[in-house]
Amino acid sequence: MKIKALSRNVEKHTRETSGDIKVVSRNLDPKYKPMERAREYTRAVQAAKLQKVFAKPFVAALEGHMDAVSCSAASRGHLCPFMSGGVDGEVRVWDLASRKAVWSCKTAHSGWVKGVCIGSDGGSFFTAGLDKTVKQWKLGVGEIGGREEKKGKKKGKVKGKRYEDDDSEGESSEEEEEEEEEQRGMKSTSSAEAPSLGYGNNSNMAPAPTPINSWLFDNAFKSMDHHWKEEFFATASDESVEVWSEHRSNPIQSYKLWGNDSCNVVRYNPAERGLLAHCSSDRGIGLHDTRGGTGLKKTVLRMRSNCLEWNPMEPMNFVVGNEDHNCYSFDMRKLDQPTMIHKGHVGAVLSIGWSSTGREFVSGSYDRSIRIFQSRAGTSRDCYYTKRMQRVFCVNYTADARFVISGSDDTNLRIWKAKSNDKIGQTKIREEKSMNYKNKLLKKFSHMPEIRNIVKQNNLPKFIKKQNNMKMVQKEGAKRKEGNVIKHSKKGSVEWSKEREKTVVRKMD
């Protein structure tokens with residue numbers, strides 16, 4: 001009698017160590033899995049709910065400014081350095097790794113600091129203020145991220161004020177290290193060594209840092225930006241846009257605007273060497289080419305634009321934040337109408353910051369909230385706010401696009417996660433695979449009503465919710481009025497107006 005017996009190799013199913021994953025045999029034939037789509041949909045719903053459960057976007061607050069934070073800038077080539085300027089004229093440099101201020105100057109400007117930018121080489125940064133001056137300061141980028149690491153490497157016995165380290169070639173005192181830090185201009189402003197705040201006498205007051213260079217102009221500066229690769233920077237002031245060289249005391253080029261209105265924002269294009277974009281107080285958006293003596297083109301919108309930022313990965317596109325609570329994406333090759341309208345804010349948009357990937361940008365508004373938009377989406381992906389956060393004047397992405405930094409009217413800088421449910425720290429391989437699988441499921445079933453409602457649900461402040469309802473009523477009323485006009489007019493004489501076309505009032509060349 002012939003008997004067929006099942007047999008298997010024990011070595012293929014035996015783990016070498018207790019930490020190895022157990023081998024499970026699976027049959028991937030779809031006929032044995034008739035309910036596969038239903039199970040995937042259930043997992044997608046669970047993943048959407050878990051994202052909301054673990055959504056904790058706030059990371060930390062950077063305290064130290066004595067007045068509202070008016071402007072900020074992140075390094076384009078390093079993760080740790082971050083610069084911020086205040087309304088009272090104070091400028092600070094932060095180490096994002098340790099979340100501490102490593103440099104500060106309370107008398108950097110006599111008034112509002114309107115612009116901060118880092119040089120193309122990363123060794124210095126520039127500030128501009130309402131006191132008609134631009135100043136260049138030294139920045140020790142290599143020392144910022146490694147301060148805590150260097151302190152942690154000090155081991156051994158302590159004798160008086162000196163360290164004995166077997167790994168070091170010689171002994172160095174704390175006083176010598178402090179002198180070196182003061183010479184670099186990067187001395188940490190701890191509570192015991194903080195400079196005077198200006199109230200009374202302070203015997204331990206540190207000497208005020210001195211700038212490397214300074215430039216004086218006839219008009220107050222409203223904004224500034226540095227060239228991405230060369231040693232030039234541009235400033236925006238009343239009636240003109242100036243281009244400066246780091247090695248000259250006077251502007252090498254000056255561009256008069258189309259009118260007598262002042263310029264609010266100026267930004268260099270990340271790809272084109274001589275292309276500049278600016279926003280003026282006459283509701284205009286203009287383009288300049290530094291190789292020529294006149295402007296290229298200009299578009300006038302219905303309301304004034306407060307901020308402008310180029311897409312770092314698609315340098316032909318830029319986004320402006322407007323007074324009408326919306327952000328508008330434009331293609332510089334066709335300024336007749338915006339390519340996308342980003343809605344969600346209920347206050348004027350004051351600042352915009354792009355991620356290094358070019359797929360998302362963050363906006364800060366007068367309504368005391370920040371929103372994260374995808375570059376080709378009309379609504380925001382996330383909305384961040386706190387009870388204490390006031391009007392948001394500046395927002396930035398970090399260089400790795402994982403965090404967002406906002407500066408507001410309540411003197412604080414806040415660090416947020418770019419994705420509210422992201423885990424901070426190292427993730428295991430299996431955990432990362434599970435997260436990628438859930439994200440794929442969410443993308444696959446994103447059109448389903450249940451998942452779409454869970455993803456879009458946000459708990460907003462009472463003020464923003466009321467303003468949203470009010471805007472919805474106004475929008476429906478305007479649409480109903482336009483429909484009545486078309487209904488009672490001659491057929492074909494009046495047509496529905498497109499929202500993107502209504503944004504642009506006129507175009508000038």
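Placed from the backbone N, Cα and C atoms, the Cβ positions cover glycine too.
Automatic, uncurated: that is what TrEMBL annotation is.
Feature annotation from TrEMBL assigns repeat 'WD' to 62-104, 106-139, 342-374, 385-426. Annotation source TrEMBL lists region 'Disordered' at 148-202, 474-509. Residues or ranges marked as compositional bias 'Acidic residues' in TrEMBL: 165-182. The compositional bias 'Polar residues' annotation in TrEMBL covers 186-202. Summarising the annotation, TrEMBL assigns domain 'Sof1-like protein' to 418-504. Residues or ranges marked as compositional bias 'Basic and acidic residues' in TrEMBL: 474-485, 492-509.
The residues of the repeat 'WD' (62-104), classed with DSSP into helix (H, G, I), strand (E, B) and coil, number 0 helix, 23 strand, 20 coil. Across the repeat 'WD' (385-426), mean pLDDT in this model comes to 94. For the compositional bias 'Basic and acidic residues' (474-485), the DSSP counts in helix, strand and coil order read 12 helix, 0 strand, 0 coil. Residue counts for the domain 'Sof1-like protein' (418-504) by DSSP state, with H, G and I taken as helix and E and B as strand, are 55 helix, 1 strand, 31 coil. Here the repeat 'WD' (106-139) is broken down by DSSP into helix, strand and coil counts: 0 helix, 18 strand, 16 coil.
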